[in-house]
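TrEMBL has this to say about the protein:
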{"type": "DOMAIN", "residues": "200-240", "note": "domain 'EGF-like'"}
{"type": "DOMAIN", "residues": "241-280", "note": "domain 'EGF-like'"}
{"type": "DISULFID", "residues": "245-255", "note": "disulfide bond"}
{"type": "DOMAIN", "residues": "281-320", "note": "domain 'EGF-like'"}
{"type": "DISULFID", "residues": "285-295", "note": "disulfide bond"}
{"type": "DOMAIN", "residues": "321-360", "note": "domain 'EGF-like'"}
């Protein structure tokens with residue numbers, strides 16, 4: 001392939017016309033170029049192999065769209081390609097440096113630059129040049145056909161160096177003589193035009209090509225070629241699909257091959273980006289939040305979480321209430337009540353909830369005293385009771401608060417305790433045992449006396465034990481657990497005996513023990 005063609009012309013006063021030499025040179029060049037054309041036509045019809053060549057010879061570069069080599073325009077990319085006032089003319093595989101007055105005729109196009117009439121009148125000093133890559137007589141590959149030198153130039157034509165036709169025609173220097181009645185012979189793939197030149201036949205447009213239905217016809221100079229559709233490659237005479245997915249890694253995640261093409265697909269939780277091959281994460285929490293309560297996006301997926309008091313169900317989307325009351329029996333002191341997402345504690349009647357979980361006794365004697373005026377209100381754990389303010393019974397008389405005395409002057413008082421003191425206390429149900437619950441002590445101490453203590457009544461089941469702690473005091477001990485609600489009346493007696501045997505007396509402390517219904 002010709003890389004660079006440079007046409008250098010002598011000065012006008014150095015040109016010498018020799019018709020005999022011109023004729024011999026034209027005949028020789030005709031033979032050479034006809035041979036080259038025949039080889040080019042044979043090569044263009046060789047079956048295209050399945051391998052795609054992307055390396056081109058000098059002066060050409062690969063066109064990925066048309067899948068073939070295309071000419072490089074050196075005049076556009078080479079700075080100051082021609083020297084000495086010459087003009088640069090791009091040519092197949094190279095370029096030409098021609099005088100600025102040269103006339104270029106390529107492929108039946110209009111002349112690129114015509115010699116002005118004023119310059120033509122200078123005769124030999126100014127001429128019209130027809131640039132050809134072949135002889136001036138014969139076929140020009142891709143560039144049409146010029147009649148023989150005698151038919152075109154006549155006696156005024158001489159063949160210069162590089163096979164350029166130098167024409168001097170003072171009568172009409174701007175036109176190429178043509179003979180409409182003269183028939184010219186064009187090579188295969190070319191036909192005579194109305195301007196009497198050979199022009200390329202577009203087999204793709206005329207329908208004279210033999211490309212298959214699954215191929216695309218591309219017109220060439222003097223011929224045509226059959227290419228496979230995009231996404232296919234030639235294998236023998238067949239166009240077979242190119243498996244783009246076998247050439248990783250084009251797709252980011254998944255690749256699906258299709259006839260003549262392919263497409264990328266993403267894993268669940270991802271979607272294709274705008275470039276159609278990169279996969280980006282889908283924020284499911286914004287796009288389609290399926291979580292019942294809280295949604296957290298993660299790469300390629302999402303997770304659901306529940307508010308406090310709830311737990312994820314088996315589908316990992318919905319939330320189910322946690323029954324805290326079933327998880328532990330120690331959440332509430334009395335009763336646990338489950339609620340959506342939480343729980344609350346309840347207390348029995350006579351109690352109130354404190355610190356959300358604990359039950360505290362309500363002192364009804366301070367809040368809602370329902371006792372009569374002659375009664376005394378006594379609060380206990382979980383309730384209250386009303387007792388008479390004067391508990392004394394005949395023959396006892398009230399001498400002070402809760403103290404009844406039997407007068408000595410009354411004969412009925414001889415065989416009964418001298419005094420009875422009324423006391424009240426309350427304990428919780430199921431109190432741990434043994435437990436000291438009440439202390440009794442003499443209020444009056446006599447000299448030369450001995451005090452003894454005992455449980456006179458109210459201990460039929462043996463729940464209590466009285467332990468003397470000093471000569472004048474004793475401690476009531478609970479030895480069996482009591483379950484309420486229940487009321488126990490226990491008489492604790494103190495016997496006082498003179499050490500010399502002169503007298504004997506007793507006094508009773510009547511203790512009312514109220515056992516609450518609960519252990520709190």
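Cβ coordinates come from backbone N, Cα and C, glycine included.
Annotated features taken from TrEMBL, shown on the structure.
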residue: 245; record: disulfide bond; Cβ neighbours (10 Å): 16
residue: 255; record: disulfide bond; Cβ neighbours (10 Å): 19
residue: 285; record: disulfide bond; Cβ neighbours (10 Å): 17
residue: 295; record: disulfide bond; Cβ neighbours (10 Å): 18
Same chain only, please: residues at least 6 beyond the ends of the domain 'EGF-like' (241-280) with a C-beta under 8 Å from a C-beta of the stretch. Say none if there are none.
229-233, 299-302
Tally of DSSP helical, extended and coil residues in the domain 'EGF-like' (241-280):
3 helix, 16 strand, 21 coil
C-alpha spacing of residue 285 (disulfide bond) relative to residue 255 (disulfide bond), in angstrom:
27
Looking only at C-alpha atoms, tell me how far residue 245 (disulfide bond) is from residue 295 (disulfide bond), rounded to the nearest Å.
36
Over the domain 'EGF-like' (200-240), what is the model's average pLDDT?
91
